[in-house]
Amino acid sequence: MEQSIIIGLLQNVAILLSFSMIYQNFWIKNEDSNSYTSKILTGIILGGISIVLMFTPWTLAPGISFDTRSVMLAISGLFFGPIPTIITIIIASLGRLIIGGDGLWMGLAVIISSGLIGLSWRKFRPNWKTNNYYFELLALGIIVHITMSVCTVFLPVDKILPTLTTIAIPLIFIYSPATMLLGVVMLKQYKNFQNSLAKLKLKESERRFTQVLESGNIVSLLLNNDGTINFCNNYLLEITGYTKEEILGKNWFDIFIQSPLKERIKKVFSQGRKIINIATNYENEILKKNGELLFISWYNITLNSSSDKAFSIASIGVNITDIKNHEKKLKEKNEELVKAKEFAEENNRLKSAFLANISHEIRTPMNAILGFSDLLKNPKLTDDKQKKFINIIEDSGKRMLNLISDIINISKIESGIIEMNISEVNINEEIENIYTLFKDDVEKNGNNFSYNNELPFNEALILTDNIKVYAIITNLIKNSIKFTTNGCIEFGYTIKNKTLEFYIKDSGIGISTEQQKLIFERFRQGSESLNRNYEGSGLGLAISKAYVEMLGGKIWVESEFSKGTTFYFSIDYNTSNTKI
């Protein structure tokens with residue numbers, strides 16, 4: 001009898017191993033996607049195995065036999081779930097009904113209780129795989145087989161105690177450990193499959209990652225925590241002009257980062273574990289082999305060792321140089337638009353002020369002309385008064401003529417229709433003529449008036465546009481007369497490096513530093529802040545500047561407020577028929 005028990009147990013062990021093979025080769029590969037059809041088919045197969053187990057039992061007494069169906073059903077409920085297990089319970093129960101005998105009801109109770117306990121364990125202890133699974137499986141086996149021993153109450157009364165006495169030790173020391181061992185085998189199969197699946201996924205992930213690293217238009221890098229380059233893709237080589245031999249194994253910062261940033265970034269990398277603090281996303285410039293700069297937007301991942309110490313950085317970058325260049329150009333355009341807007345607004349303001357000024361400049365002499373013309377109609381006027389009124393009318397007419405002349409000249413300058421008329425001019429003669437012209441006007445304000453010619457008369461012949469030189473000097477002298485009283489005005493020229501440098505110097509009220517930046521602009525006056533105590537259109541200096549530039553020279557001013565002003569302008573000293 002003992003030999004038959006051993007043979008029966010060995011046969012049951014072999015059948016349980018086939019049960020585990022079905023789980024390994026069929027179930028766990030499709031567990032997440034198993035359809036109802038496959039679950040029903042699995043239940044039928046497991047039911048068939050339970051029938052085989054029941055037909056290879058060890059017999060305690062006629063009609064009372066035992067097998068390892070309790071082990072299989074409990075593990076089935078735990079690993080296969082409800083549908084396959086319930087089908088197995090039904091098929092096993094039908095098989096036990098066919099076998100019959102005194103142990104029929106006990107056998108049915110064991111089949112149903114074992115399957116239900118396995119299903120309950122699956123539902124109410126879902127984390128059993130991650131906890132101490134040896135203990136979990138052993139506890140499951142003990143509970144199942146304690147329940148099995150309780151099921152002996154369904155045997156005939158005279159057979160309960162002998163059966164319980166006979167099976168108690170095998171249930172505790174064989175069936176319960178067998179449940180644990182079968183569960184461990186199947187759990188190992190499950191974990192091995194998961195590990196194999198993870199390896200496949202890892203390989204696929206590595207393959208995709210490699211494809212990403214090697215793909216075009218993306219910069220890919222692997223750096224050690226000291227900045228040594230372990231890997232770079234072809235796109236980086238393409239945009240920087242290097243070869244792999246030139247950069248692999250070299251320090252990234254020494255090759256690609258500009259000096260001001262180099263030491264600061266290298267310090268971050270040299271801090272080992274602190275490398276985890278490096279920015280995930282950032283942008284910076286890198287150097288090409290030819291010294292040009294590229295702007296790269298980076299995404300960084302820190303790769304840690306098993307001791308959680310950072311040992312390298314994986315970086316993926318996008319070349320955004322064109323975007324940055326467009327942004328820079330757009331910013332410059334916006335700045336230009338803002339300046340243009342401000343310039344237009346300032347021009348509008350100046351033109352409005354200019355028109356108001358011109359209106360005043362026209363009304364004042366016109367009122368004088370009309371007023372004194374009306375007074376001349378009085379037959380009782382003395383000769384002195386008539387002469388005085390006529391002089392006032394004449395001065396007002398000259399003032400209006402000068403104003404109209406300035407407006408015409410600035411209009412010609414604005415429209416670009418001013419022509420150059422080059423001729424031979426004796427500059428000393430022109431200086432003397434201008435002195436004679438303005439002598440009375442200067443001295444009637446209590447000013448001393450003088451001039452200086454550096455060249456001898458016979459060497460003072462130059463080629464220039466006499467009209468424009470005359471206009472420049474006279475405009476500047478008029479400006480000095482306007483702002484100088486009881487002082488002195490001097491003008492003339494000197495020779496400096498083959499140029500004639502003219503000057504008009506006065507001891508008048510001077511010009512502030514801020515006003516010096518504005519006086520040569522059109523429609524501006526140095527006396528804007530003086531509440532119109534001084535007459536003038538504000539065009540004379542702008543006209544002078546335009547004429548000087550047409551002659552190929554430059555004009556500037558040196559002045560200190562309340563201490564006088566000196567205007568300078570230079571033109572080429574041409575003594576032959578050379579083209580200006």
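Residue numbers in this text run from 1 along the chain shown.
Note that Cβ sites are derived from N, Cα and C of the backbone, with glycine treated the same way.
Among the features that TrEMBL reports, transmembrane segment is placed at 7-28 (among others).
Here TrEMBL flags 40-61 (among others) as transmembrane segment.
Feature annotation from TrEMBL assigns transmembrane segment to 73-98 (among others).
Positions annotated as transmembrane segment by TrEMBL: 104-121 (among others).
Per TrEMBL, the feature transmembrane segment maps to 133-155 (among others). Same-chain residues lying 6 or more positions outside the transmembrane segment (133-155) and placing a CB less than 8 Å from one of its CB atoms are 64, 70-71, 74, 78, 102-103, 105-106, 108-110, 113-114, 117-118, 121, 125, 163-164, 167-168, 171-172, 175-180, 183-184, 187.
Counting only same-chain residues 6+ beyond the ends of the transmembrane segment (167-187), those with a CB under 8 A from a CB of the stretch are 9, 13, 16, 19-20, 23-24, 60, 66, 68, 70-72, 74-75, 78-79, 129, 133-134, 137-138, 140-142, 144-146, 148-149, 152. Residues annotated as transmembrane segment in TrEMBL: 167-187 (among others).
Residues annotated as domain 'PAS' in TrEMBL: 205-271. Each residue in the domain 'PAS' (205-271) gets a DSSP state, and the totals come to 37 helix, 12 strand, 18 coil.
Residues or ranges marked as domain 'PAC' by TrEMBL: 280-332.
Sequence annotations record features per position, and here TrEMBL assigns coiled coil to 320-347. Looking just at the coiled coil (320-347), the mean pLDDT is 88.
The domain 'Histidine kinase' annotation in TrEMBL covers 357-575.
Beyond the transmembrane segment (104-121), the same-chain residues lying 6 or more positions past its ends with a Cβ under 8 Å from any Cβ of the stretch are 50, 54, 69-71, 73-78, 81-82, 85-86, 88-89, 92-93, 96-97, 128, 136, 140, 143-144, 147-148, 151-152, 154-155.
Applying DSSP to the domain 'PAC' (280-332) sorts its residues as follows: 12 helix, 29 strand, 12 coil.
Long-range contacts of the coiled coil (320-347) within the same chain: residues 283, 293-297, 523, each at least 6 residues beyond the stretch ends and with a Cβ under 8 Å from a Cβ of the stretch.
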